[in-house]
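Trainee: There's a structure below that I have some questions on.
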Amino acid sequence: MDYDPAHAMSRGGSMRQTISRSVSKASRNMEDIFNTSSRRTKSVNEDEEALKWASIEKLPTYNRLRTSLMPELGEDDVYGNQILNKAVDVTKLDGEERQKFIDMVFKVAEQDNERILTKLRNRIDRVGIQLPTVEVRYDHLTVKADCYTGDRSLPSLLNAVRNMGEAALGMIGIRLAKKAQLTILKDVSGIVKPSRMTLLLGPPSSGKTTLLLALAGKLDKSLDVSGEVTYNGYRLNEFVPIKTSAYISQNDLHVGIMTVKETLDFSARCQGVGTRYDLLNELARREKDAGIFPEADVDLFMKASAAQGVKSSLITDYTLKILGLDICKDTIVGDDMMRGISGGQKKRVTTGEMIVGPTKTLFMDEISTGLDSSTTFQIVKCLQQIVHLTEATVLISLLQPAPETFDLFDDIILLSEGQIVYQGPRDHILEFFESFGFKCPERKGTADFLQEVTSKKDQEQYWVDPNRPYRYIPVSEFASSFKKFHVGSKLSNELSVPYDKSKSHKAALMFDKYSIKKTELLKSCWDKEWMLMKRNSFFYVFKTVQIIIIAAITSTLYLRTEMHTRNEIDANIYVGSLLFAMIVNMFNGLAEMAMTIQRLPVFYKQRDLLFHPPWTYTLPTFLLGIPISIFESTAWMVVTYYSIGYAPDAERFFKQFLIIFLIQQMAAGIFRFIASTCRTMTIANTGGVLVLLVVFLTGGFLLPRSEIPVWWRWAYWISPLSYAFNAITVNELFAPRWMNKMSGNSTTRLGTSVLNIWDVFDDKNWYWIGVGGLLGFTVIFNGFFTLALTYLDPLGKAQAILPKEEDEEAKGKAGSNKETEMESVSAKKGMVLPFTPLAMSFDDVKYFVDMPAEMREQGVQETRLQLLKGVTSAFRPGVLTALMGVSGAGKTTLMDVLAGRKTGGYIEGDVRVSGFPKKQETFARISGYCEQTDIHSPQVTVRESLIFSAFLRLAKEVSKEDKLMFVDQVMELVELVDLRDAIVGLPGVTGLSTEQRKRLTIAVELVANPSIIFMDEPTSGLDARAAAIVMRAVRNTVDTGRTVVCTIHQPSIDIFEAFDELLLMKRGGHVIYSGPLGRNSHKVVEYFESFPGVPKIPEKYNPATWMLEASSLAAELKLGVDFAELYKASALCQRNKALVQELSVPPQGATDLYFATQFSQNTWGQFKSCLWKQWWTYWRSPDYNLVRFIFTLATSLMIGSVFWQIGGKRSNVQDLTMVIGAIYAAVVFVGINNCSTVQPMVAVERTVFYREKAAGMYSAIPYAISQVTCELPYVLIQTTYYSLIIYSMVGFEWKASKFLWFIFINYFSFLYWTYYGMMTVSLTPNQQVASIFASAFYGIFNLFSGFFIPRPKIPKWWVWYYWICPVAWTIYGLITSQYGDVETPIALLGGAPGLTVKQYIKDQYGFESDYMGPVAGVLVGFTVFFAFIFAFCIKTLNFQSR
């Protein structure tokens, strides 16, 4: 092996090593406690040690491979340095023992990792074992994708309809639209070699992710792929590439309520130990033959890492340590709803999840996003040691590798525009570009140079050849020249000789789909699901409480003292209560749908990584739902059975309990199946309600079996509710109290007569047939759930969008003038729209929050925690200030406090703007704030986002033409012109890339023409070239005379030195430097070097990295100083105080900022702009509007065809009950669908609203009214075609007044349902809670709708709720408008001739035709009320916590 473990660290790492060595010196007094600790100890313990090893050698192989020596500190360790080793079973080590071992072996991760791996390698080499290696080759690999271009790529309603039509025609072979073909990778070839660290570099959209996916065998099936990828000569279809290699995604998908350690443990259990156990077995055999005893630490490490079937493995603790996650291992990962670990830590969990497995071929996609450079260096250093010492094959793409990290790599692959510009040793890459005439500047990182030198905009600045004029060298020229370059020709020669398959180690590739036995995988999944169930206990308690509350309401509504058993009418009330019990317990499963969908992204990731087969996930889910269901069913039965007064018979109680339990199980199964088929919340809400509609309509209770049209009768036999309804009614009505009485016509038993009225089979055996049916459906639906998870893929992949192609010739000409054009733009900026340059000064700023509960529990006495400690400084016009510090220093906190963005906490201190005290109302008008998270409306284009911001934030006096011109100039400034028509999209799902979103965030603030701009980490998550583009935009902004402050994480040299001044903070909210950077950062460097003991900055070292290391906590401990105190005592601090004093006095003749209004536009102007944006958002949300329209169409056709021409039947009560059933079903199902589909829409837009409101764009009321207004035309279209279809198919009387009433009542009913959904979102912190809150009232709305129990039968203590139930008024209006004037006689139950229809609906339901005016008024009132509450809550409730 050509790697030397003592390989000298790069110049970049030397500084860090100096500090880490000095910090760990104290802990290394008993250096290497496992090795012979001292001569004295050696002589004492040698024999004992040998005896212990000898006793282990005698054990049977199975036991020997589980037993090792565990170091144990003796009583006199501190004084006598005595180490005792005890024999332990590695599979039975508890968490504390494992942690103790890891802490002893890996004191300083990057140094000790190398030490232990070197020992491990030496042990393997000593007995001559060859490690399996994998060489990955790709030959002439080309990847193409079909995509729409220009306007056709926008997801509008029209395009969605066209796409659906084309897809349908495509199935029969007709192709209409020609899609453009986008080449992602263009004929690339190369080799990724084992035991060499390979770095993948390239600007955004160069195809890095596609290359990594192609090599890992995970490319999307829809892509057009040619060429081949081989592992050790084997094609991808000859083994299982997903188990042989691991692709580490740039998207962090994890279960939010699992802790970091649990996440890694589950991954380790699913991936197994691979060949580690076989290697250990062979190693132990050879050592035994050679009479060699291993070293205790390596032996324990290897045996514990190879231990199979353990719940928590040592390899997890090791991975946590080398990734620096050991500090947060017991913290939950968190998600949008729950605070967990930081973004950088989440990124490391994604990495850890894969490297915890046995796979040694890793393709890692942007693993450093959100990490500071020292953490990235540490992780890459540990990976380098793994690669060099265990001969792993690793290809890593990094965004902004610091020079010291870049130097850890052996090989570089440089990709640009889908072509390979260079692949080979790192040492020759600069030589390659120098051969063209490009040179990397002195103070520039090589990685940054490489990403910019192929870019048209950046190339010229690196041209150094004085003998030739510069010309743009395109990527294709670089790629073809590389093939002739000595590195390229050597690579071609290697590729021309095929890999000899016979040399491939038998353990190198995986040929089995799963790593461990299916029973073990089932056990792992069971443990995980059980844990998640316990964590989700609040959710289950909430569901049970909800069931108990509805049960209590039901039992007081149908109270036994009010219930009788005299005749059919009494029996019908009982049947109504049973029917309601069925429906409530059916809908109780609805929450299962939201939970399943929430878990799907993580499930798909783990399924595609072959962690476990889908059935090992679905089986525990189903089985663990049973006890919860038993508990909920028991709660329902105990509360309702005897209080309602069902048959007083224990057997019938348990029989009804069984039916309720099976309904819950069947419902959970059907909702899981719907969730797994629909895969998104909007479609699932719609699809789910459609399936339920079929089940309800054909269940035999809204429409008796014999009345169901012939064409729908088949559905009766496959509707689970028909079996449930038969069983539950037969159980009750066969009780003696019903069968011992005669019916009204005295020919049949009362119970039988009622069963005949409902068309239920009057046979006792139908109870057990019903039970069998429900049981069968439960199994079938859970089976379908498993099949759907097995074969369906996630929806909503990022779509490729090509903006309208521009004239190539114009493009060519524009290229060379770009820089001068940029300069002219920046010069004009201040002139086109004038602004007042403003300075900001702040003196002794402090910020407190209430002491967190966890800290109080640990005994902290203070009531407040101080996050900022007396910060004093100033920001000035035309000066670009960097706000820096380690994580937790308070950078973002200070910026939020100064910008007035904090929603809680206590602020002290003096903040002034150009000498006047800061007033937040006026400050919001003259300042901009670019948040770290790029929050934008997903359905508008880039240009529309900017127009919206400009029209709302620029002064009224600015003309429309000037505003539009300004928008175009800002797009030019931040280089967004090519993307002006691109849809923004959702982060990580569709639309713009991270870097494009970042530039849009800056542009949205710039179009407001602010004087002061705050930017929170504008370059985090960007590659070097993108960061350079963003910083160029920032610099251009400052040069117009604005005041700009940026928090910045770990900048490269050129980004750092683009700043003029620096405000440096340390952990705890203290300032340790505030002042100018100086040329080449000399002022900062001189300031810190002036303190005794601070090491000098190494040559060409990044001053930002040096400064953070030199002032770190570790450095303070070593030097015994506090840099905050040193700063306070410095002359620099005094100068700053003087500057702040000077800026705290207004200039001569200056007046305080004053605006006559809080917002730049009046309320009408705000409303118009908000409506404009909402209109486009709605138009481009086909997953909301088109799905809603399709659902309504399907519902109306279904109801129309089931209740075909039933509206004209009025001869008896059963006919009228069927019509009321049809109207009830239609109102409830379309209403609930409107309510649930609008929720995600409002939730997404509310997040954007918080940002825009904080920016002072508009007031909450115009925003809320615009969203309410947008619904009006869509609901009108929905109502019109719905009413036409239902009215004609059900066969109501064609009379203009009746039809218009029908449309009017339905329109306002659908509107109030929609606004009710919007209101629930505005009342709750997130969409999930809104969904649960809304569904809590569905049951109550149903119960009091007048369908299950008519108003005259409702007890007087509940009748008030009938009057405030919107659904009751809808049914009142619809029935009365159609039948309130009908004088035809109607036959009552039992066949007796009786009243007119008009009289019957008045007596039975309390509906009177004279009250149609008030009904209309009340329906309009509900609509206005829900809309008003929505607007009021949006205005007053803020669920954002900062």
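Using N, Cα and C of the backbone, Cβ positions are placed for all residues, glycine too.
So Swiss-Prot has the following annotated:
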| type | residues | note |
| --- | --- | --- |
| DOMAIN | 169-442 | domain 'ABC transporter 1' |
| BINDING | Gly202, Pro203, Pro204, Ser205, Ser206, Gly207, Lys208, Thr209 | ATP 1 binding site |
| DOMAIN | 520-733 | domain 'ABC transmembrane type-2 1' |
| TRANSMEM | 538-558 | transmembrane segment |
| TRANSMEM | 573-593 | transmembrane segment |
| TRANSMEM | 619-639 | transmembrane segment |
| TRANSMEM | 657-677 | transmembrane segment |
| TRANSMEM | 683-703 | transmembrane segment |
| TRANSMEM | 769-789 | transmembrane segment |
| DOMAIN | 840-1092 | domain 'ABC transporter 2' |
| BINDING | Gly885, Val886, Ser887, Gly888, Ala889, Gly890, Lys891, Thr892 | ATP 2 binding site |
| DOMAIN | 1165-1379 | domain 'ABC transmembrane type-2 2' |
| TRANSMEM | 1186-1206 | transmembrane segment |
| TRANSMEM | 1218-1238 | transmembrane segment |
| TRANSMEM | 1272-1292 | transmembrane segment |
| TRANSMEM | 1329-1349 | transmembrane segment |
| TRANSMEM | 1357-1377 | transmembrane segment |
| TRANSMEM | 1414-1434 | transmembrane segment |
Trainee: Sort out the residues at least 6 away from either end of the transmembrane segment (657-677), same chain, that have Cβ-Cβ distances under 8 Å to it, and list them.
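Mentor: Distant contacts of the transmembrane segment (657-677): 581-582, 585-590, 592-594, 596-597, 600, 618, 621-622, 625-626, 629-630, 632-634, 636-637, 684, 687-688, 691-692, 695, 720, 724, 727-728, 731, 770-771, 774-775, 777-782, 784-785, 788-789, 792.
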Trainee: If you count other Cβ atoms within 10 Å of each one's Cβ, which of the binding-site residues Pro204, Gly890 has the most?
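Mentor: When each Cβ's neighbours within 10 Å are tallied, Gly890 tops the list.
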Trainee: In the structure shown, which of the binding-site residues Gly202, Pro203, Gly207, Gly885, Gly888 has the fewest Cβ neighbours within 10 Å?
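Mentor: Least crowded of the binding-site residues Gly202, Pro203, Gly207, Gly885, Gly888, by Cβ count within 10 Å, is Gly888.
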Trainee: Decide whether the stretches the transmembrane segment (1218-1238) and the transmembrane segment (1357-1377) have at least 3 CB pairs under 8 angstroms, with pairs required to be 6 or more apart in sequence.
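Mentor: Counting Cβ pairs under 8 Å, at least 3, so yes.
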Trainee: In Å, rounded, how far does the Cα of Lys891 (ATP 2 binding site) sit from the Cα of Pro204 (ATP 1 binding site)?
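Mentor: Checking the Cα atoms of Lys891 (ATP 2 binding site) and Pro204 (ATP 1 binding site) gives a distance of 28 Å.
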Trainee: Ranking 619-639, 769-789, 1329-1349, 1357-1377, 1414-1434 by the number of C-beta pairs under 8 Å to the transmembrane segment (538-558), which range is first?
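Mentor: Per the Cβ under 8 Å count, 619-639.
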Trainee: If you count every Cβ pair below 8 Å, which range out of 683-703, 1186-1206, 1272-1292, 1329-1349 shares the most with the transmembrane segment (1357-1377)?
Mentor: 1329-1349
Trainee: Can you name the far-off residues of the same chain, 6+ from the ends of the transmembrane segment (769-789), with a Cβ under 8 Å from a Cβ of it?
Mentor: 603, 607, 614-615, 617-618, 622, 658-659, 662-663, 665-666, 669-670, 672-673, 676-677, 720, 723-728, 730
Trainee: So for Ser887 (ATP 2 binding site), how many other CB atoms are inside 10 Å of its CB?
Mentor: 13
Trainee: Can you tell which of Ser205, Ser206, Thr209, Thr892 has the most other C-beta atoms within 10 Å, given these are the binding-site residues?
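Mentor: Most Cβ neighbours within 10 Å: Ser206.
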Trainee: Find, among the binding-site residues listed as Val886, Ala889, the one whose Cβ has the highest number of other Cβ atoms within 10 Å in the structure shown.
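Mentor: Checking each of Val886, Ala889, the winner is Ala889.
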Trainee: Compile a sequence-ordered list of residues in the same chain as Lys208 (ATP 1 binding site), six or more apart from it, whose Cβ lies below 8 A from its Cβ; state 'none' when nothing qualifies.
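Mentor: Correct list: Leu200, Gly202, Asp365, Glu366, Ser397, Leu415.
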Trainee: Over the domain 'ABC transporter 2' (840-1092), what is the model's average pLDDT?
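Mentor: Per the prediction, mean pLDDT sits at 87 for the domain 'ABC transporter 2' (840-1092).
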Trainee: Among 619-639, 683-703, 1186-1206, 1329-1349, 1414-1434, which stretch has the most Cβ pairs under 8 Å to the transmembrane segment (1272-1292)?
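Mentor: The stretch I would name here is 1186-1206.
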Trainee: With Cβ distances under 8 Å as the criterion, find the stretch in 619-639, 683-703, 1186-1206, 1329-1349, 1414-1434 that has the most pairs with the transmembrane segment (573-593).
Mentor: 1329-1349
